[in-house]
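Enquirer: Take a look at this one; I'll ask things after.
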Amino acid sequence: MMPTEPPPQQLQPPPPAPPNHVVTTIENLPAEGSGGSSSLSASSRAGMLQRIRKVLNREMLISVALGQVLSLLICGIGLTSKYLSEDFHANTPVFQSFLNYILLFLVYTTTLAVRQGEENLLAILRRRWWKYMILGLIDLEANYLVVKAYQYTTLTSIQLLDCFVIPVVILLSWFFLLIRYKAVHFIGIVVCILGMGCMVGADVLVGRHQGAGENKLVGDLLVLGGATLYGISNVWEEYIIRTLSRVEFLGMIGLFGAFFSGIQLAIMEHKELLKVPWDWQIGLLYVGFSACMFGLYSFMPVVIKKTSATSVNLSLLTADLYSLFCGLFLFHYKFSGLYLLSFFTILIGLVLYSSTSTYIAQDPRVYKQFRNPSGPVVDLPATAQVEPSVTYTSLGQETGEEPHIRVA
């Protein structure tokens, strides 16, 4: 009888219970899995939003907005010049530049004159007068060559060839300011230039007035020469305002610009100036032009110091579009949807370019501290070993994450 008792114990019902428990657990897994996938998608969306916020941060949006302020000032310069030349037949580009240089002289050169010590006007002239003399000539002739080109070539050629200033600024910044770019910067630049090409194509399609184009080769060479001089002037300006001061740059430009433009005015444009039919309307246009030009010269160093010469020149690509939008109402230009596409394409390129930082490549022994446009100032550690290698120091948003990368 004793051996017959174990079999009933082996046939107990607990074995079916675990399968029931396992089954219920498996039945609950889909609900948990769907909750996990939803939480995963929510976290991925949150991560995407965080990355977008990191790119479209306050500093970057301010930088883009400041560039558009410069474009609006150039739009005002173009509109007043158009009224002067076409409605009142006042073709006086040198005289218009002369007025701007006089304003710069009165405000900034006199400021330097009353300063004491090494920042005094005479002290600056003793140390580097010849450098500012060359810069003043370059700045004056850059303006003159581009304005002169309108007499020889078409508007389309000027708009396209004027983009030549961008590669000039990039190359000069690379070799002289030691600025290094990432792939996203070049993608942004290409997108901006594509937007500019879209605008030129829209001009051709709607039949916008292209100008005489009597000697296109001469006009195209003038535009290329002016764009090259603009690039040199802008990079030189960036170097001065980062290493010296904005007031010194503007004061010296006002001094030598007024001197050389006065000489050029007396030699080349005095007859045209005598032909101007002076009245209050023309006077008001000259005042408006001078105010926009003075605002552009005064404000551009602020934007360049916050961003860079390359970023500023990319921002200025929208200036022609602002002029065109104003011309729709003032001069009855024909509208094309390609203009809006061009505008937003250029803005997308600007956002791409501004979304990440550039780098300064510099030997640690001669490292110059630059101000980060969207973050804290980054400096080399005091304990770093001095060696003849290249140091890349970030100027943009990720300086907090990777202050410097040493490349042997």
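Including glycine, each Cβ sits where the backbone N, Cα and C put it.
TrEMBL lists 1-19 with the feature compositional bias 'Pro residues'. Positions annotated as region 'Disordered' by TrEMBL: 1-22. Among the features that TrEMBL reports, transmembrane segment is placed at 60-79, 99-117, 129-146, 158-179, 186-205, 217-237, 249-268, 280-300, 312-333, 339-361.
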Enquirer: Establish whether the number of Cβ pairs under 8 Å between the transmembrane segment (249-268) and the transmembrane segment (99-117) reaches at least three, counting only pairs separated by 6 or more residues.
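Expert: Contact between the transmembrane segment (249-268) and the transmembrane segment (99-117): present.
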Enquirer: Which residues of the chain, 6 or more past the ends of the transmembrane segment (280-300), have a CB below 8 A from one of its CBs?
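Expert: Answer is 69-70, 73-74, 76-77, 80-81, 83-84, 88, 90, 96-97, 99-100, 103-104, 107, 237, 250, 253, 312.
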Enquirer: Which of 186-205, 217-237, 339-361 shares the most C-beta pairs under 8 angstroms with the transmembrane segment (60-79)?
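Expert: Looking only at 186-205, 217-237, 339-361, the most contacts with the transmembrane segment (60-79) come from 339-361.
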Enquirer: Mind checking which residues reach the transmembrane segment (312-333)? Cβ under 8 Å, same chain, six or more beyond either end.
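Expert: Counting only partners 6 or more residues beyond its ends, the transmembrane segment (312-333) has Cβ contacts under 8 Å with 64, 66-68, 70-72, 74-75, 78-79, 82, 159, 163, 165-166, 169, 188-189, 192-193, 195-196, 199, 206, 208, 230-231, 234, 300, 303-304, 339, 342-343, 346-347, 349-350, 353.
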